[in-house]
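TrEMBL annotations:
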- 36-60: transmembrane segment (TRANSMEM)
- 80-97: transmembrane segment (TRANSMEM)
- 117-136: transmembrane segment (TRANSMEM)
- 143-163: transmembrane segment (TRANSMEM)
- 183-206: transmembrane segment (TRANSMEM)
- 218-243: transmembrane segment (TRANSMEM)
- 263-291: transmembrane segment (TRANSMEM)
- 303-320: transmembrane segment (TRANSMEM)
- 326-349: transmembrane segment (TRANSMEM)
- 361-382: transmembrane segment (TRANSMEM)
- 402-423: transmembrane segment (TRANSMEM)
Amino acid sequence: MQRWTSILLGAVLTAAFIGPGTVTTAAAAGAGYGLALLWALTFSTLACWTLQEAAARLAICSGRPLAEALRDQFDGWKGVAVRLLALGAIVLGNAAFEVGNVLGAMAGLELVFDAPRRLLVLGVGVASGALLWFGTLRMLPRVLGAFVAFMGLAFLITALQVHPPDAALLRHLVWPVMPEGTGLLVVGLIGTTVVPYNLFLGSGLARGEPLDATRFGLAVAIVGGGLISMAVLVVGTAVHGAFTYAALADTLGRVLGTWARALFALGLFAAGFTSALTAPIAAAITARGLLSAPNASEHDRTYRLTWLVVWGSGVLLSLLDLRPIPAIITAQALNGVLLPIVAVFLWIATNDPRLMGRDGLTSPGLNVLAGLSVGIAVLLGLRNLLAALQAAGVGPVLSESLLLKLAGGITFFLLLLLGRYLYRLRRLAP
């Protein structure tokens, strides 16, 4: 029973990272480069599980979820800066991304139903708002779990028809290949899976849960989410030329039949609708952990006000058919700063015997995976931050290749320093 509950809680994370952005990026990768970039999703799925496991273990072993641990770790001006950064990145970012979630769910419905766009947006908004208002953190995982299962079946069944498993598919799952000009897509595929707000969300949901069952639930849910993302990429290989939702749906309908078009449409709706629920919840859990008293409930004023702002912004801007590009660029820059900070903090905290106790410390094997995952997070964060600064006209204009090389060099140097620090820190264990 505990394992089943943990799988449902893990399904919330699957719902959170498989949204319209993931569908767009993965399908575009398939449309442009076939199966060549499948390995990036294998890599990002492993990194996602490693960081989510660390965030959950921190909450279970120390009794403090990630947001509370960050709040308690820093005081004075550092504490204020960390809180403002985390709140800005998560709340502003999720409010901006909520527009894409709502419009993505609407796009899925639009492929099936001939109805005015604003009516479809209103329907998505009312349904998601009602679930957020009347639901609880114990009930919502069941709703999200059902949607995730449906979404997974829709994409997996379609993918198996587009490209049945063979030796080429298995090779691309594990063999890194980067065709010319794919650097940005690889970063995008990893970035849609390893996102900071999921770490706050998962850690907040894990407090009070048994560690072994939580690890099992995370493994099932995140591996399942990775498979869904891979299925979307495989489905995208059916498109030749410019990628759009309509082009992919039309191609599937022409090649496989109308059932495939309908399955893709409903899968896209499920991806958008579930993310439209999890984005406000993640922002609310983060704000509650940073600002409210420990153990505050989901009826806490900070919690409810935060999700209302995120959800309301997304629905309103979607109704007005506005895409908040400046807000999204700002959110990407803030998340670019926050992701490496949170990943590094998690790595240090879960190796600190004063916080985790001897039994809760990260094992040597997990530390290797954590080092790789933190490296990915730092590389991704630096690349996104540099790109956002360029978009804002700050600093010299660098090519994508040079951006990645610069971020990679800084990342390697930081990992060396962190490894030495962690070696000394673990020696404090009795």
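Placement of Cβ uses the backbone N, Cα and C atoms for every residue, glycine included.
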Might you confirm whether the transmembrane segment (183-206) is in contact with the transmembrane segment (117-136), defined here as three or more C-beta pairs under 8 A between residues 6 or more apart in sequence? no
Given the cut-off of 8 Å on Cβ pairs that are 6 or more apart in sequence, determine whether the transmembrane segment (218-243) and the transmembrane segment (143-163) share at least 3 such pairs. yes
Does the transmembrane segment (36-60) come near the transmembrane segment (183-206), with 3+ Cβ pairs under 8 Å (pairs 6 or more apart)? yes
Between the transmembrane segment (263-291) and the transmembrane segment (303-320), are there three or more CB pairs that fall under 8 A, provided the residues in each pair are separated by 6 or more in sequence? yes
Grab the same-chain neighbours of the transmembrane segment (183-206) for me: Cβ-Cβ under 8 Å, and only residues 6 or more beyond its ends, written as numbers and ranges. 9, 12-13, 16-17, 19, 21-22, 25-26, 28-29, 32-33, 37, 40-41, 43-45, 47-48, 51-52, 55-56, 58-60, 65-67, 86, 89-90, 93-94, 137, 141, 214, 218, 225-226, 229, 278-279, 281-283, 285-286, 288-289, 335, 338-339, 342-343, 346, 373, 376-377, 380, 383-384, 400-401, 404
If one takes Cβ-Cβ under 8 Å and requires six or more residues beyond its ends, the residues near the transmembrane segment (263-291) are 12, 15-16, 18-20, 22-23, 65-68, 70-71, 83, 86-87, 90-91, 94-95, 97-98, 100-109, 111-112, 124, 127-128, 131-132, 137, 140, 143-144, 147-148, 150-151, 154-155, 157-158, 197-198, 200-201, 204-205, 235, 245, 248-249, 252, 298, 300, 302-304, 306-311, 314
